[in-house]
Amino acid sequence: MITLTHFLVVGACIFAIGLYAVIARRNAILVLVGIELMINAAILNLVAFGRYDSTRYGGQAFALFAIVLAAAGVAVALAIILNVYKHYKTINPEDINKLRD
Amino acid sequence: MPLPTLTYPVLAAVSAVLLPFVGFLLQALMGKRSQNGAIALITIALSLLAAGYTFAQVWGNEPIHVQWRWFTIGQQVFYVGLLLDNVSVLMLLLVAFVALPVHAYSVAYMKGDSGIHRYWTYLSLFCSAMLGLVVADNLLLMYVCWELVGFASYLLIGFWFTRDAAAAANKKAFIVNRIGDIGFLIGFAILYSFLGTLDLNTLFGQEGFFATASGAEASGIIAHPKIPAGWLTTAGLAFFLGAMAKSAQFPLHVWLPAAMEGPTSVSSLIHAATMVAAGVFLLARIFPLFDDTALLVIATTGAVTAFVAAYFALTQYDIKKILAYSTISQLGFMMVGIGIGMYQLALFYLVTHAFFKCLLFLGAGAIIHELQHLNDKHQLGIDPQDIRHMGGLRKYMPITFVTMLIASLALAGFPLTAGYLSKDALLIHAFEWAALQNDASVAIPYVLAVASILTSFYILRLLAKVFLGSPAIGVMTSARPHEASAWMLVPMLVLAACSLFPLFTTSPLNYGQAWLLQKILPMAALPPLPLLHVLVPLLTTMATVAMTLLVWQWYVKQKYPLKAGGLFFRLSQQQGYVDVFYDRIVAAAVLRCSNVLFWVDKHIIDGAVNGLAALGRILAAIAGWVDQRLVDGFVRLVGKLAWGLGNVLRRSQTGRLQDYMASVFFIILVILLYHLIVQA
Amino acid sequence: MNPHLLTILIFIPLVAAMIMFIVPSGKRAAYKYIALITGILQLVLSGGMYCLFHPKGAGISEERLYQFVDHIPWIRLDMGSFGRLEIDYFIGVDGLSMPLLFLSALVMVVAIGASWNVQKSVKGYFILLMILDMAVMGVFSALDFFLFYVFYELMLLPLYFLIGIWGGARREYAAMKFFLYTLFGSVFMLLIMVGLYFSVTNPDTGAHTFNMLHMMNPANYVNGSFFSALANQELFGISARLLGFVVLFIAFAIKVPIVPLHTWLPDAHVEAPTPISIILAGILLKVGGYGILRICFSIFPDAALQSAWWLGLIGVVSIVYGALVALAQRDLKRMIAYSSVSHMGFVLLGIASLTTEGTAGALFQMVSHGFLSAALFFLVGMLYDRVHDRNIYHFRGLATVMPRYTVFIAVAFFASLGLPGFSAFIGEVFVIIGAFNAESINGLLPRWMAIAGSLGILLSAVYFLWTLQRMFFGQVRLKGGNVWSAALTDASPRETVIMVPMLALALVLGIYPALALDKINASVLALVELITK
């Protein structure tokens, strides 16, 4: 039988993979992918916990809301990446360190 | 209080004192424009007239006492006034009478001196102060005049101030006199402290504080109930200290021989006849004050002085020094007179001595004047005061010789002179007094007798060396010194006449008949020893004759048996090394002390002050160091710490998004872990 | 008669200083003439007041017995729980201050006369001199402690600059030493003053007061207050009143000065320019003696009686020590400075005796020393002006070169050493008599102190006569040779005009001391009565 715990473990794994991608990848697109993975991990959790709210389906509703937001976010993020590329001629986050003091 | 009525004698006495003072002021204002001394001469002559009038009016009558308010201090009123009694009018007359011939003499003696205007000014000041001294009615006023005569004497001793010796001598005179002044001051401070007054009449008059004590028991004064016996003695000794300095008693006599640096006319008036006698006069004035202890000290000091000074006089070569020591010696005689309670005799001797000693100095002055003249004319380069350069002057200056002879005989106490009357009276009474004593003080009259014989010797030696024999300098015979001018001779003759007996008594051999003694005060009764009255005069006269023969043999016949240079000779020649002692020991000790104190001042006291300042500076330096290093250091440490920390933290600012994300994640992880652990 | 004469007397110099301030600094001569006119005006005014002064006006502790009184509320500040601050502009004159006021006016004229040849920044010099003048007058007439303190401190400042700028080679050292010494005393005086303020109330208003006359009356002390005689408070185991007395005494004694607090004096005198030496010796030292009488003794009579023995001892030590050290000096000015220490010792001895003779003698001695020391410093200045040397050993036979100068200096020397006929004699003799009397009248001083003090009279003769002999008598021998003998001209008319009145005054006071004593007596009696009753 698949319990809540199984969902949570899968979610955590996805989150960890996404986190790894965000921190370690050398490509901004893949970082963005990592972010999407972490969002999806969160959505999975929402849906999994949604089972306990069978009257109002708050979990599912919130998951849908998050998916839409993530899509919008990706759009903005891709636009930023494009602009970064235009400016720096690279999308490797290692090389973009203008924020350094 | 109402002004006292001015009777004629008072007016005369006041003018006698003030006339010379007016003279002094006039001459001081005129300065160099008054050269001939006319002002001084006229004022002193008028003063003598006034003094004579006062004397005639007061002598033998009731004393006159007038006073005016001088100033008030607190509630105590001090007066300035005159006390005219037998003693003071006698002294008034004496001073004026001796001063006039000396003034006249000075006209010739000081002629041509470049500072002569000063001479007359000072002389008038002296006369005024001295006359004021004798008539003053209270001790404060007396003290004022007492110091002023000392001041005038200072000025006159240093008259030739370009000579170093004169400048040293007047300093010495003033300082030694100052020692005495302090005695005087302490003396009257004691009296004032216990009795509340300084008025002579209230203190010593007929109904004064000491009246009951004196009179009947002349020498056995009971302590006044208001003064403890110890303080009474102290007061007596303090006054005596004053008299010792002024009257040149051993060991405070050193200033008088030195004072001979002044002009000889000054020496004759001030340092022989009048001022030095002021000490004796003071003691006579306050005589009832003295108790037995004080009197014994006075008598002893007097006897020692009489002998020691006579001894010093034996070997001196300077004619004025011989006379100076002679003066000291005779003042010692007078002190003995006071000490044995016979102050009348002391005063009598003071009067007679004034005449013949003044005359001796004037005679010496005439000789010095003449020798100085020769010296200048022939370029001899000799000391005109050295008797070794004189000799045989009798031929050239016969009148001087005769007058000097009279004076010398009077000094030696030869019959028919005034000195015989007074000195032998003193000696006789000293013996009578000694008969009542039963301790060592019986020696006093014997010492006096020896001193008296020595006196005969040295004065005859002087005469012989100066006037007899043959001239010591060859020039003398050709240059032919001559008598001094009439201005100098007449005063000498007047004084010579006064040195003989007729002025004082009609019976030349009995002092008891002297009018002076009969009037001053009834003589206190010592048990008379009739034998002495014959024996003493006889013996002293014989001694004088013997001395004459001896001197004739030694100095005129040139058969001098002694070797110069023996211990006793040197001791006498060097005046007992008293001066040396003062210079090398006393003065040196004072100077040493003052230098040590100055060192203390500079190094210890000022050192402490500077040390305090240095300490302050050190403290300030420490505080500054603390401020800079510790306080400021802490502040800078904080700053540095912040800077260093920042430096470390800036490393984390890589600017890479992923690093930031990692750290955010890491921090969240830490927070989560923290919660996990805390909640567990 | 203008009721504000005293105020006018005090503030004339201030007006003069303001005028000087306006006058452009190009007109150098103008300043000294303004100063001279001010000085003479003050002299005439104070002389007039001296004549008007009624000899029966005792003063001391009763306001109605003071004369020329000006009493105006000055500072009234409500201080909440501390009560109302009551400071008055309260001035007046009695027998203690009247002679000193006249003396100050006279010495000021002499000092201005001696400043005639000042070259360095004339404007500043005379303005400071005027401020000093005002402060001095104020000190002698203030009867409010606060006012007194203000004038007292105000006196210090101009002096510091006058010594520090116009002085000799070591002027900075001397000025600093003088300033610190005096400040040391006055700072503690401030403490005592505040303590007294909180202990004393004005019986009319009930407020705390700085009025000195109220401080003299034991009834005005607040119950249990610090300085109340009844409360008998103690601090460090010493009675508070004794402590207050001692501290005030030290403050004033530094000014007198006493041994061993005297070492500022020789340095200050030697380094100060002549006119400032004259003011220092002539006036400043008297502020010390005056303060002891007016403040220490009057406010703390009980403590004064307790410590009279020590005061007498200090006086005697000062007399003898000062005289002995004077004997060791080679610098003429320094010698005279030490002689001042000795002569001011007499003042202390006389005051300590607490007899009428001694106290009046001390006051008289202050006045007399004022004239004489001013004259002496002026004379030294004359010599220094000519050859810029003061070493006694560098001169000999000056009497031949400068006869009139020698007459002046001889008269001044003899007057100082107490020759009868001059004022110092009266002062010293009555101090000695008073000290001698003390044992039988109030038993405060033993007689040996008087005898030891009289040694000073002897020693003063020694050093003065030695100097006369060394410098003035004998054959002419000068260190500077012909250059000097050409430079050493006799006293000029200006110098003669200054010297003669000073010496004449010393003479007049010596011959007829009643001139001063008649004004002093009533106050001295009242003072002695106040203290020893």
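Glycine too: its Cβ is placed from the backbone N, Cα and C atoms.
Note that this is a predicted model, so its numbers are computed, not measured.
Per TrEMBL, transmembrane segment is recorded for C:6-23, C:30-50, C:89-112, C:124-143, C:149-166, C:178-200, C:242-265, C:307-328, C:335-356, C:362-384, C:448-468, C:497-515 (among others). The feature domain 'NADH:ubiquinone oxidoreductase chain 4 N-terminal' is assigned by TrEMBL to C:86-132. The domain 'NADH:quinone oxidoreductase/Mrp antiporter transmembrane' annotation in TrEMBL covers C:142-444.
Through the fold, the transmembrane segment (C:335-356) approaches residues 253, 256-259, 262, 265-266, 269-270, 281, 285, 288-289, 292-293, 297, 304-305, 308-309, 311-312, 314-323, 325-326, 329, 362-363, 365-366, 369, 373, 376-377, 380, 392, 416, 424, 427-428, 430-431, 434-435, 437-438, 441-442, 444-445, 449-450, 453, 456, 459-460, 463-464, 467, 521, 524-525, 528, 531-532 of its own chain, all at least 6 residues removed from its boundaries and within a Cβ separation under 8 Å.
Sequence-remote contacts of a segment are chain residues at least 6 beyond its ends whose Cβ falls under 8 Å from one of its Cβ atoms, and for the transmembrane segment (C:497-515) they are 106, 110, 113-114, 364, 367-368, 371-372, 374-375, 378-379, 408, 411-412, 415, 420-426, 491. For the domain 'NADH:ubiquinone oxidoreductase chain 4 N-terminal' (C:86-132), the DSSP counts in helix, strand and coil order read 29 helix, 8 strand, 10 coil.
Long-range Cβ contacts of the transmembrane segment (C:30-50) within its own chain (Cβ-Cβ under 8 Å, at least 6 residues beyond either end) map to 5-6, 8-9, 12-13, 16, 19-20, 23, 68, 93, 98-99, 101-102, 104-106, 108-109, 112-113, 115-116, 118, 122-123, 125-126, 129-130, 133, 137, 519. Restricting the average to the domain 'NADH:ubiquinone oxidoreductase chain 4 N-terminal' (C:86-132) gives a pLDDT of 89.
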